[in-house]
Amino acid sequence: MSGTLVLVRHGQSDWNLKNLFTGWRDPDLTELGIEEAKAGGKALADYGIKFDIAFTSVLIRAQRTCQLVLDAVGQSSLETIRDQALNERDYGDLSGLNKDDARAKWGEEQVHIWRRSYDVPPPGGESLRDTGARVWPYYLTDILPRVLSGEKVLVAAHGNSLRSLVMVLDKLTKEQILKLNLATGVPMVYKLNADSTVASKEVLGDMSGAH
């Protein structure tokens, strides 16, 4: 019997609010981000799910989101595995810069290429392809076997690390994944078949406000 995989992007962080490239830097959630995470947890509580294990990154904004979701479903002490493989895309030299300042320094077109191309990394950083090259193997070795054994698994992570998973799960092209934005705090519930393909997907909230 296959299990359930739930993906949740962390709530708004301080640097999201300030329009900064975040990457592997470690800002906390804003008050809105906390409320977004709680809302995602409530949606999962209303859905009626109980998790067997949770996975998150080593960054505080994802860890706090994970804990707030678990609090909401009444599983505050659930085993949670933290791994760097689930970290956000590393923006390298862009990390910590205001996005407008980055455009002024390198030009709007170049920054757009770094942000929205699939395989062109910023200086010292990762492309979306590079991010997927660490996220997907970790999923295959550590997360997927738990789901295929019938467990209900929570993954609270980041926009680009989760897009790397969604790209394969939803069978999206490079062009499609570049246009996909995931809303903060909105759970995506996947039921998987025994062959690891997707049997069904439900989005518990509104993705229209994704950025």
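Heads up, the Cβ atoms here are built off N, Cα and C, so glycines get one too.
What Swiss-Prot lists as substrate binding site is 9-16, 22-23, R61, 88-91, K99, 115-116, 159-160. According to Swiss-Prot, the active site, tele-phosphohistidine intermediate annotation covers H10, on the basis of sequence analysis. Sequence annotations record features per position, and here Swiss-Prot assigns active site, proton donor/acceptor to E88 based on sequence analysis. Residues annotated as site 'Transition state stabilizer' in Swiss-Prot: H158.
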Cβ-Cβ distance under 8 Å to W15 (substrate binding site), same chain, at least six residues away: F21, T22, R25, P27, G96
Pairwise CA distance, Q12 (substrate binding site) versus H158 (site 'Transition state stabilizer'), rounded so that it is a whole Å: 11
Largest tally of Cβ atoms lying within 10 Å of a Cβ, found at which of the recorded positions R9, R89, K99, H158: R9
Largest tally of Cβ atoms lying within 10 Å of a Cβ, found at which of the binding-site residues G23, G159: G23
Cα-to-Cα gap, R9 (substrate binding site) vs the residue listed as 'active site, proton donor/acceptor', nearest whole Å: 10
Cβ atoms near Q12 (substrate binding site) (within 10 Å, other residues, all chains): 21
Spatial separation of H158 (site 'Transition state stabilizer') from K99 (substrate binding site) - C-alpha basis, Å: 18
H10 (active site, tele-phosphohistidine intermediate) versus R89 (substrate binding site) - Cα distance in angstrom: 14
Candidate nearest H10 (active site, tele-phosphohistidine intermediate) in space, where candidates are the recorded positions G23, E88, G159 and distance is Cα-Cα: G159
Spatial neighbours, same chain, of the residue listed as 'active site, proton donor/acceptor' - Cβ under 8 Å, 6+ residues apart: T22, G23, W24, S57, L59, T131, A157, H158, G159, N160, S161
Assigned element (helix, strand, coil) containing R9 (substrate binding site), judged by DSSP: strand
Local backbone state of G159 (substrate binding site), from DSSP in three classes: helix
